[in-house]
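K.L.:
Sharing the feature lines straight out of TrEMBL:
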COMPBIAS  607-620  compositional bias 'Basic residues'
DOMAIN    561-732  domain 'STAS'
REGION    606-641  region 'Disordered'
TRANSMEM  105-129  transmembrane segment
TRANSMEM  209-232  transmembrane segment
TRANSMEM  371-391  transmembrane segment
TRANSMEM  412-434  transmembrane segment
TRANSMEM  454-484  transmembrane segment
TRANSMEM  505-533  transmembrane segment
Amino acid sequence: MHTLHCASSHITGDGGGMAGVETMAREENGQAGDQVTSLSRAVERKRYTPVLLEEQEKEAEDLRSVLTRKLKKKCLCSPSRAKELVLGFFPILSWLPQYRPKECLLGDVMSGLIVAILLVPQSIAYSLLAGQEPVYGLYTSFFSCIIYAVLASSRHVSVGIFGVLCLLVGQVVDRELQAAGYTSEGGRNQTGMTGAGNLTAGMTCDQSCYAISVATMLTFMAGLYQVLMGLFQVGFVSVYLSDSLLSGFATGASLTILTSQVRHLLGLKLPRVQGLGSLVKTWVSLFQNLKDTNLCDLVTSLLCLLVLVPTKELNDRYKAKLKAPIPTELLVVIVATLASHYGRFEERFHSGVAGTIPTGFQPPQMPDWSLIPNVALDAFSIAIIGFAITVSLSEMFAKKHGYTVDANQEMYAIGFCNILPSFFRCFTTSAALTKTLVKDSTGCHTQLSSLVTALVLLLVLLVIAPLFYSLQKCVLGVIIIVNLRGALRKFGEIPQMWRVNRVDAAIWLVTMATSALANTELGLLVGVAFSAFCVLARTQRARAAKLGRAGESGPYEDLSAYRGLQAHAGFIVFRFEAPVYYANQSLFKKALYRCTELDPVQEAALRRKQQQQNKKRKKQKDKEKEEEAGLEGRGGASPDSGVATVAQLIVPEKRSFHTLVIDCGPVLFLDTAGVNALKEVYRDYKELGVGVLLAQCNPSVLDSLRRGGYLQQGSDEAQLVFCTISDAVGSTQSYCTENGGCEIDSHC
């Protein structure tokens, strides 16, 4: 059992207490003057008595016992355990029996209807971004709403098509189409939807069929990754994707999305550019083909922008006053479809249109397993992004409404929202911020609103979908671009981000620039790597400070940061605001030497060099016998006394302290290199007569010190480690007062 002595100051009395003691002394024996003198001396000595903190015993468990205990807990078979597992995996079984219709039904129905009105045009539009037929976007939104409502622990998040994921899916689809020999110019072949089948079954598959086959396999793999991560309880990985990283990634991807949709606004039939620098290459291609702009599509796009942008701004500005957002997108889609149909834009102006959108559902089919090697790596990045966005939104709205969500259950929910729909020709989904905000602002209480949204989508799929045949693709492109406003607004926040935190601003800029200018997936990887580099850089450039305090009971703070702080005579209190480990242990020592203005290694080298010089001088004096009499007249000293004199000239000029106190409060952990660095510091300073004390060590650091040999078995830790800086300083002062010297007798 280890014990830690925390020296606490026990002064005989304070100001008020001293007056009372003096009065009692006068009344009892009439020797007030002697009593005051003795009490004053006691105060000056500030005698410290150690307080023993006895650490709790921890039962040592081997790995086998830990694994056995956890397996028994997980594999426990009982009715209550089975009920807990079922209710945990299907949260709808927990909240649906307790549903309060009078309080929640109206809000859920209204929010579900409004989200569905927004979701119909966006589902059709984002299908274009993913390189798919419009009906597949409606399929995706329909199935994901139902599955997420059953499996999600969040009550307010709305899942569906998300622009960034659609971009990633579209890039993979276009890459595989080109690899398979398909061309991506013009519209998709419309006959592929009815004849689509599993490629492995040997059936003929056209471009549209192959595109959805790639998307479904990609979606299946992404969902499989997400479920596996939930199974292995690795939901914590989302914490490594910071808000600045995700925001920069979304903004960079938004620039790529905007660029990819400009061709539709102009009516240009250009293939999507793949590879590094696709954004720049796309703009070059657009300018080269600007002469081929379709004037009908351009005019339609400008009119839609003039309607959608102001209305969206009004929705944002007056969202607190509006009971529901104005469904401008749906109105624009309806009007544009009618205008295109009766104006015969496709025949007269060769405008690209959505084409045939069949009613009902196609029979399920297995994903094409032969595509797994082609899409496995792409699916992993999509899985991470989808999960991170879903968990971030679910936790944000759970905190707002006062409940908790299970990150691993969210992993299951979004994973099965990808796995199961992949058998019904759907592509990747995740939580969507815009629709979640609408859902929350329109009175949503539970995921029943998602089921209402699914019912509306079902009505569209069964009855209304064919009416969108004449909808121009440029209108869908405008809808996509207008919904990028939130991400693009981040450019205006760069100065504010830079003022608040330059490191986070740098992460945002690097991630955004890489995602936009290089490659979307590469941008995410570079962002994660750069974030990790910034964390390491912070430990490499950790703040080191010399501490002082104001008064007798104030906290110890940086002398260079606050006025009125005083350092203790004979003491230096040093703080290093980072863990000490292999990568920064040399920087820790350099910072310490700089703050103390004494490098013990160099000081020891100077002493040895001076000793050697003194010996040489002595030998030279012995040889020069003719000057012996003159040297003795000037008081020549022996080698030992010469060395001592030189040492006294070297050390006292630089050493204005006898004790070094290291504040270990900010030191979260020590590795072997860190412990060795502390041992070197202790040993080197001890050779110069300077004591080294540690203060405010947490249990993890203490354990590392014991394991690393800094605190050896049988040594008195009270001489080396203190609970507070005040205890370390006060105990040393008491020791010096009582013993008439300040040589610290401690053992390492």
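For all residues, glycine too, the Cβ spot is worked out from N, Cα and C.
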K.L.:
What average pLDDT is reported by the model for the domain 'STAS' (561-732)?
P.N.:
80
K.L.:
When you check the transmembrane segment (209-232) against the transmembrane segment (412-434), do you get at least 3 Cβ pairs under 8 Å, counting only pairs 6 or more apart in sequence?
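P.N.:
Counting Cβ pairs under 8 Å (6 or more apart in sequence), the transmembrane segment (209-232) reaches the transmembrane segment (412-434), since there are 3 or more.
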K.L.:
May I ask you to check whether the transmembrane segment (454-484) and the transmembrane segment (105-129) make contact, with contact taken as at least three Cβ pairs under 8 Å and only pairs 6 or more apart in sequence counted?
P.N.:
yes
K.L.:
Check the transmembrane segment (505-533) against the transmembrane segment (105-129) for contact, please; criterion is three or more CB pairs under 8 Å, pairs 6 or more apart in sequence.
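P.N.:
Not in contact, no.
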K.L.:
Under an 8 Å Cβ to Cβ limit, what residues of the same chain, 6 or more beyond the ends of the transmembrane segment (371-391), are close to it?
P.N.:
157, 159, 162, 164-165, 168-169, 172, 176, 179, 213-214, 217-219, 221-226, 229, 235, 237-238, 241, 246, 249, 405, 407, 410-411, 413-415, 418, 428-431, 433, 521, 524-525
K.L.:
Would you list the DSSP helix, strand and coil counts for the residues of the compositional bias 'Basic residues' (607-620)?
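P.N.:
Helix, strand, coil within the compositional bias 'Basic residues' (607-620): 14 helix, 0 strand, 0 coil.
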